[in-house]
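Record features, source Swiss-Prot:
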TRANSMEM  24-44  transmembrane segment
TRANSMEM  46-66  transmembrane segment
TRANSMEM  94-114  transmembrane segment
TRANSMEM  118-138  transmembrane segment
TRANSMEM  146-166  transmembrane segment
TRANSMEM  172-192  transmembrane segment
TRANSMEM  224-244  transmembrane segment
TRANSMEM  278-298  transmembrane segment
Amino acid sequence: MQSTLSQSPGSRFSQYMALTKPRVTQLAVFCAVIGMFLATPGMVPWHVLIGGTIGIWLLAGAAFAINCLVEQKIDAMMRRTAWRPSARGEITTPQILLFSAVLGSAGAWTLYTFTNPLTMWLTIATFVGYAVVYTLLLKPMTPQNIVIGGASGAMPPALGWAAVTGAVPGDAWILVLIIFVWTPPHFWVLALYRRKDYENAGLPMLPVTHGEKFTRLHILLYTVILFAVTLMPFISGMSGVVYLASAVLLGAVFLAYAWKIYRDYSDELARKAFRYSIVYLSLLFAALLVDHYARPLLGV
């Protein structure tokens, strides 16, 4: 193994960045930023937009670093995660703890300084929900880990909304509900084609504990529920027809994937569905933003 002393600063930086799971963090922060814009009819104050974005990113990164630390032995047994620096022993436990503490402290200070105490405490609660409740308790103990633990991962829109208004109204909770319902089918399609990984690691993911057919059925059921839930922004009056059309179109494609997985499963199909689920959530929240500012202009 390459020693720490022989590594270039760029290589070391990349290793620490990998602990924050950049792609997952980017999606979470993106949803939080959308929540900021939806919270106001005008422009989000720059100090809130920048400070809130940085603060949420820092605390999210801290939570993911703790996740990597706790799961380093599990990650080492799984092909999908064996490359992580924590799994390879390239970063020590004290280093990860210090890194997470620095990120978390900086994130909390940034949110308190540039947004408000509510946003800081909600984000800290989200950190605890993911890094402690989900990672330490739910994930290794129950096949419903994704369903219950999805609550913490669904919080970013509420965090963004709170950063702007200092409150979390009903519309913000609708956005949270969308991500909450999206989470199980998103992760279950991954668990289907990575079943052996999870089985070897001893994690009670749904395909491992209840089998492939049961999981495929529940992916379909949750996707149907998701389709219905994504209509709520239009029904509540938060969004207009631009969003509605986007939600129906995007949801129809997701439903088609879920139906195909249920009727004629293949690992390749599950991989495509997993990739689409990420695109789906990104485009759905982008549609919320476009609709938010286009609606007054179009009058619909």
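Just so it is clear, glycine is given a Cβ too, placed from its N, Cα and C backbone atoms.
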- Winner by Cβ pairs under 8 Å against the transmembrane segment (224-244), considering only 24-44, 146-166, 278-298: 278-298
- Task: State the non-local partners of the transmembrane segment (278-298) in its own chain: residues 6+ outside its ends, Cβ under 8 Å from one of its Cβ atoms.
- Result: 27, 30-31, 34, 37-38, 41, 157, 175, 178-179, 182, 186, 230, 233, 239-243, 246-247, 250-251, 253-254
